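The annotation transmembrane segment is assigned in TrEMBL to 65-88, 100-119, 125-143, 155-178, 230-259, 265-283, 327-350, 371-388, 408-427, 434-451, 457-477, 489-514 (among others).
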Amino acid sequence: MEFYDKVFRYSDVFSLIIDSNKNPDYVKSINMQTGGRRAGYLISTKIIDDKKIDNIYYKLRIKPIYYSILIIMIGILMIFNTNIFNVVLKKFNKDVEIKIYIIVILGYLYLIIPFIIFVFSWTRYIVSIPVNMIIFYILYLMIKDSIINYNKVYKINIIVFIVMIMSIILFVLVSGIGEIFEQSIDMLRGRNPIFRDLINFSWPVIYTKSGYAIVYYIGHWIVPAVFGKFFGLTVGNMFLVLWSSIGIFISIILVLYYLNINRSRYILIALLLFIFFSPIAEIHTFSSRILSYYSSHLQDLQLLFNQAIAIWVMSSLFLVQRNSSNFAFLGLSVILYSPYAVIGILPYMIVKTLIDLKENLLLTIKNIFSLKNIFSSITIFPLLMFYFSSNSVGSSSSLRFLLSEYNALEFLYFYILAFGLHLFLIFKNNKNNYIYYVSIFMLFAVASIMYGPDQNFHRVNITAIFFIYVLVVDYLNKNANIKSIRKNILIFLLILSSLASLTSISNSISYFVYGGVTKELGRETFNTDENDFVLNTVTSKNLDKSIFFKYIAKNKK
């Protein structure tokens, strides 16, 4: 379709909507592409030679992305305009008081509850009862310590709190979680069928057609799947959205507490940055030869939500830890969500422990060998090691060092384009911050490694990218009243890098506005005779050779 009226008639400012009730008789159907695009499919009873088809009625509407940009600009104006912002807050001068120890405890529970359910429902009672008893004892110790060490209150204006909750839920929905907005191919081909199979099959999930068993990072789905088993898929998806939103809420609150951000304006800035935080450019955007990239927070939700959210929770909990006495629990409890998380957080834990050893040798050794660390290591690690070692693809994967295959200078160039400029601009505030230096190492090192048949190893960097987000927010908060070229350049880079996420979110909203709830739900189940790569990625083929399914898992025969 070409537009023959309106201003900017040949641009993409407008979405096109066909009025199908007024089609000419020879036009049987017109199906335009989603999102109000100008291209589509027309079926006619006659050959149409004319460039212009008469009597095709349509409407032009400004695309939602421009409304989104306008709303965000108004929001930013209100945040930075002291007079407007203060007037709004004064009308609702009431705070929500959040007890930090409750958020910390919720974070621990968020990570470990799926494992507890997994142990109870997938393993034999001779394993599940003693393991879960030990886990409950660990939780008792951690809850007791949290009440003592985090007995503080964090206050948020009630309007800011409501905006935060609504923004988090919308962020989760537009990413495709919940099967309402348009979804990524990863959700359609892999994550949707896993969630449905966890609801529809008894646990452990062993498929009747192939005899394969699910061996994947299922932690994020376990709690919502329990509700789905009792009340159906729709309720399961509602709890999947809720579970995802809770994880992000915990992460943001802990970051705000860790950075001591109390001003409402900067709470909202931290929230906006979390939603739109992104590299300036992805590596594969500039070079298809290099099979690695840095992902935005939105991409993490669209492609890896079952891993990313728990990694954010773990990372935010790590920031508020006083010592290393909980490190084993933090690193191991997230494995059921993502084994990559352990590799991502381990360097930070090692460096933090070395710093503590230098300051107080005996106390740090005592913390390292705490009951929580010991019991976590002897329960969580071996059980999940046997489970994941059963995976068909993982057991045959190999490491590739891309620096030996590609030019190191090319890697450095892309690295600078991604986050190098951010890190350079905030260096002054982080000269003595070990998180800053470890993040630099991780971003470059992980990008140079490839593991397995596809590039999944970049998921290790979710932790490092999250920490860079934290450092950027900290820099902006501490330099709030300082005018500097450095800060202005950083703000420009943040706006520039956020455009891709903004466009993606606006497109999702546009598809929803014009097309309604997504009808493309992808693959329904992995219970099939067909043998493909995705099926092999999420299952174990040889159960008789698996230690987990032979000796540990419940017998379903």
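Every residue gets a Cβ built from N, Cα and C, even glycine.
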Interface present between the transmembrane segment (125-143) and the transmembrane segment (155-178) (three or more C-beta pairs under 8 A): no
Any contact, the transmembrane segment (125-143) to the transmembrane segment (489-514), with at least 3 Cβ pairs under 8 A: no
Tertiary contacts of the transmembrane segment (100-119) (same chain, 6+ residues out, Cβ under 8 Å): 127-128, 131-132, 135, 139, 142-143, 146-147, 149-154, 218-220, 222-223, 226, 246-247, 250, 253-254, 257, 310, 313-314, 316-317, 320, 329-330, 333-334, 336-337, 380, 383-384
Contact call for the transmembrane segment (489-514) against the transmembrane segment (230-259), three or more Cβ pairs under 8 Å: no
Positions whose Cβ lies under 8 angstroms from the transmembrane segment (327-350), at least six residues beyond its ends: 108, 111-112, 114-115, 118, 138, 142, 217-220, 222, 304, 306-311, 313-315, 317-318, 321, 368, 372-374, 376-377, 380-381, 384, 388, 434-435, 438, 441-442, 446, 456-457, 459-464, 467
